[in-house]
Amino acid sequence: MAAHRWAVWAVLLLRLLVPAARVLANMEGDALHSLRTNLVDPNNVLQSWDPTLVNPCTWFHVTCNNDNSVIRVDLGNAALSGTLVPQLGQLKNLQYLELYSNNISGTIPSELGNLTNLVSLDLYLNNFTGPIPDSLGNLLKLRFLRLNNNSLSGSIPKSLTAITALQVLDLSNNNLSGEVPSTGSFSLFTPISFANNPSLCGPGTTKPCPGAPPFSPPPPYNPPTPVQSPGSSSSTGAIAGGVAAGAALLFAIPAIGFAWYRRRKPQEHFFDVPAEEDPEVHLGQLKRFSLRELQVATDTFSNKNILGRGGFGKVYKGRLADGSLVAVKRLKEERTPGGELQFQTEVEMISMAVHRNLLRLRGFCMTPTERLLVYPYMANGSVASRLRERPPSEPPLDWRTRRRIALGSARGLSYLHDHCDPKIIHRDVKAANILLDEDFEAVVGDFGLAKLMDYKDTHVTTAVRGTIGHIAPEYLSTGKSSEKTDVFGYGIMLLELITGQRAFDLARLANDDDVMLLDWVKGLLKEKRLEMLVDPDLQSNYIDVEVESLIQVALLCTQGSPTERPKMAEVVRMLEGDGLAERWEEWQKIEVVRQEVELGPHRNSEWIVDSTDNLHAVELSGPR
């Protein structure tokens with residue numbers, strides 16, 4: 001009798017708990033569906049947001065963790081309008097809320113202050129009005145806050161100064177008013193974070209507040225002119241906007257500089273100023289390091305600390321005085337008069353490109369003889385090293401991680417092309433330049449080191465930069481680079497991810513195979529040997545349909561004509577499952593009627609196998 005009574009109670013308890021669990025599991029889905037109902041979606045990007053599905057992790061533009069909690073909502077540049085909803089505050093585990101470049105209006109819900117795990121809040125380039133919620137000061141893990149290019153009004157909440165993790169702040173191009181806070185995390189931000197808010201005043205701007213004494217913004221640091229010695233003729237250009245006071249001071253005490261010069265070790269080829277005369281200079285969170293700091297960090301650029309070598313110079317592992325690990329890129333370039341100004345300008349541009357999937361520039365060092373860039377150290381190396389140089393004791397990249405790398409790197413490149421002004425063309429997209437952070441999230445590195453692309457014009461270079469096997473045919477033959485140059489390199493990188501092979505490998509000649517990875521892949525596809533393409537390290541632990549989809553994206557990206565390649569923003573959408581089937585079907589129809597595409601011979605590259613061979617509408621679907 002007692003056992004029967006317990007059984008009855010157990011059944012009743014289950015009837016109570018199961019609905020409660022369903023409600024809890026579906027809370028995030030309900031919150032996102034509320035957002036969908038408040039948004040106008042002309043392109044149907046939210047079509048997969050089905051409220052009948054308990055788990056929103058199956059929806060496009062939504063990313064979940066292993067516990068099926070929503071950690072990312074990515075709806076940037078989706079032509080959405082409407083308003084946000086307070087229910088967004090129920091996404092307790094959300095880390096990234098990306099709603100930039102839409103037409104969303106109304107106020108920013110104060111409930112966003114409940115998202116205490118939020119790392120990045122990107123609402124820029126919308127039509128938001130009203131004040132910045134004071135509750136955003138609760139987001140103590142927030143690193144990126146970009147609310148620029150809206151119509152926000154009122155004062156800047158002082159609560160934001162308590163967010164010590166804040167690295168990037170952009171409130172520019174709004175209607176904010178009052179005094180800019182200057183304490184806490186705000187002490188490191190420059191006027192560029194608050195530009196084009198006519199009613200703002202205070203030290204964070206160039207305008208003093210009423211009743212306050214006038215002030216002059218601090219001038220940018222002006223590097224000293226090196227001491228002249230026999231056989232030396234180096235000189236430096238002035239930094240734009242700098243003043244000559246610092247240089248004049250140094251010339252007033254030449255004995256100090258000369259004494260320092262005499263104390264240098266004969267084998268050193270550096271020129272630096274004493275640490276006490278090289279104050280820290282911050283551009284937002286960008287630090288200017290002294291050369292001595294980086295010499296100490298890298299053990300005087302010891303060969304044992306070399307992480308890699310590339311077309312731009314060597315990269316050294318270093319440990320700063322605070323114990324943090326960094327990667328120091330020591331650039332090799334010819335010194336030209338005025339080069340300091342150009343270098344600082346490019347450094348500032350690179351530092352403004354901040355995205356989860358871009359390698360963040362931590363600082364720089366500039367002397368008359370040295371140019372160095374300081375980045376966070378990526379402990380998991382590059383995709384190339386993980387594919388082909390991993391120790392036997394470490395597991396290979398699994399298929400799920402490779403898919404994440406494909407999507408993350410696409411998002412990073414899309415940001416460089418569509419959200420940087422001027423846009424940044426990478427020009428050397430390859431597996432070796434896709435780094436992996438501690439969570440194996442893709443981080444695009446080495447961007448901005450080539451000449452920056454002007455917003456409107458195609459950049460023509462006298463020297464083609466890039467790596468054999470990754471260079472787009474039109475770039476190799478004409479020297480003209482564009483976003484589509486990067487798209488081609490990205491497509492080759494996808495093939496590296498799928499196959500584990502190098503983009504150019506003479507070893508394939510031993511089997512009478514093509515040395516170019518793209519041609520090798522196309523040859524196997526013509527023979528319908530898809531299983532031969534996949535990296536053996538995966539040991540068949542992959543999903544066939546996902547491999548096919550990734551190959552389709554790679555082939556679309558590596559078409560011979562740059563005009564026929566998708567933009568990186570389109571690539572992101574295709575990887576998220578939006579529009580790939582239609583684009584692939586369209587491509588197949590064109591290939592059926594198209595004759596063999598012949599490009600003109602590449603300049604100085606007769607040995608290169610043409611990578612634009614017709615695939616005759618290769619089928620990548622159906623049973624095998």
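Glycine is treated like the rest: Cβ placed from N, Cα and C.
Features reported for this protein in Swiss-Prot:
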REPEAT    140-163  repeat 'LRR 3'
REPEAT    164-188  repeat 'LRR 4'
REGION    205-236  region 'Disordered'
BINDING   Leu307, Gly308, Arg309, Gly310, Gly311, Phe312, Gly313, Lys314, Val315, Lys329  ATP binding site
Give the three-state DSSP assignment (helix, strand or coil) for Gly313 (ATP binding site).
strand
Given the binding-site residues Leu307, Val315, which one is most crowded in terms of C-beta atoms within 10 angstroms?
Val315
With DSSP as the yardstick, break the repeat 'LRR 4' (164-188) down into helix, strand and coil residue counts.
5 helix, 8 strand, 12 coil
Three-class DSSP secondary structure - Leu307 (ATP binding site)
strand
Note the mean pLDDT of the repeat 'LRR 4' (164-188), expressed as a whole number.
88
DSSP-wise, what's the residue breakdown of the repeat 'LRR 3' (140-163) into helix, strand and coil?
5 helix, 7 strand, 12 coil
Local Cβ density at Arg309 (ATP binding site) - other Cβ atoms counted within 10 Å:
10
